[in-house]
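> Got these off Swiss-Prot a minute ago, pasting:
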type: BINDING; residues: VAL68, VAL69, GLY70, GLY71, THR72, GLY73, LYS74, THR75; note: ATP binding site
Amino acid sequence: MRFSFLSGIRDLFRHFIISAASGALSDRLGWVWGAIAKVFSGSVWLRYKIAKPPHQVQATVVSVGNIVVGGTGKTPLVLWLAQALNERGISCAVLSRGYKGKCSQRKSFTIVDPALHTAACVGDEPLLLAKHLPAGTVRIQKDRKALAEKSAGAFDVLLLDDGFQCNRLHKDVEIVLVNGSDPFGGRAFFPKGRLRDFPERLAKANYVIVNGKCSPSDQRELDLLNPAAKILVEPQISEIVWLNKSANMPRDHWEGLGVGVFCGLGFPKGFLTMLRNAGIHVLGTHLLPDHSGITKQELELFCKKIILRQGVGILCTEKDSVKIEAFAEEMSLPIGEVRMRFSCVCNEERMVAMLDAIEAIQKNKKVTT
């Protein structure tokens, strides 16, 4: 009960600060953000100091996380990992808190079913993952330790979504993503910067995946923190699916496409850069706080604005599209869901080695249990 209550208060406070820090008050209250950042960093330090030994479960636990508030590409990586391990005959469950989903408040876990659940119920990211993964494999509950205990007997591998700060559960493999353009979250704790953890903790990761181009100085610093585990990837568009046309857009039509873009991401700059790198002309944006949804009225107003700028459609991420399915077909412009994939810039063999290592740990754990 105490765990659930404190988590609820923390999430409510975090959502308020994110909304305020991204709005007009941000510049005026810099000193307030600095003071709160000191309190936040102190609470993070204390949490690690008083942490009890982590609980071990029967299955292999692979954590995918980050050290900043949102926006590093965890969800596409979790999806890729689950699919890659499934191809090797390894059964996987994705364990998520179901952030901002009403079902996450329940004492028992919820198996995410796209045919039954909405993003408001289970959270946008779990719903997105459940659409692409085998039925019954995406599960949400705030208490991931309890969720892991209930799921361990049914799966070979448990993928812990956003698990780097989860101290209550033993993790066999730690994968941490960082944004190449800002790997250290502005070098300040949230809300003054975007850090939610100490950069020094990257040394504890088995693999650090750098999403996007990184400056030479940041690369050197990452190498000092964790020299052996770095993997460089670039986000790329795999396809664009028009929700209200039920059709894919051919790749050769992307160049010069004039569109509006809306998204609720922790780091929208990365998404916009990827679109521009593909030759897409962004005529206007409607940016929302991470995990926030756009209303039907807001989206239609944005469509009309883009029509005046001679735009031919509106693009959003998969995470955003799951929140507008009920009214996407009613909009005055086509709505395009941008699907992404990671492309290895270098060290591709490390991605394969990472999968090999997870498989080896899983097989060894299976023999010893």
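Here the Cβ of each residue, glycine as well, is placed from N, Cα and C on the backbone.
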> Based on DSSP, name the secondary structure state of THR75 (ATP binding site): helix, strand or coil.
helix
> By the count of other Cβ atoms within 10 Å, pick out the sparsest of the binding-site residues THR72, THR75.
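Checked THR72, THR75; of these binding-site residues, fewest Cβ neighbours within 10 Å: THR75.
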> By Cβ count within 10 Å, point out the most packed of the binding-site residues listed: GLY70, GLY71, GLY73.
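Output for this query is GLY73.
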> Neighbours of the ATP site VAL68, VAL69, GLY70, GLY71, THR72, GLY73, LYS74, THR75: Cβ within 8 Å of the Cβ centroid, same chain, sequence order.
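These residues sit around the ATP site: ASN66, LEU177, ASN179, LEU265, GLY266, PHE267.
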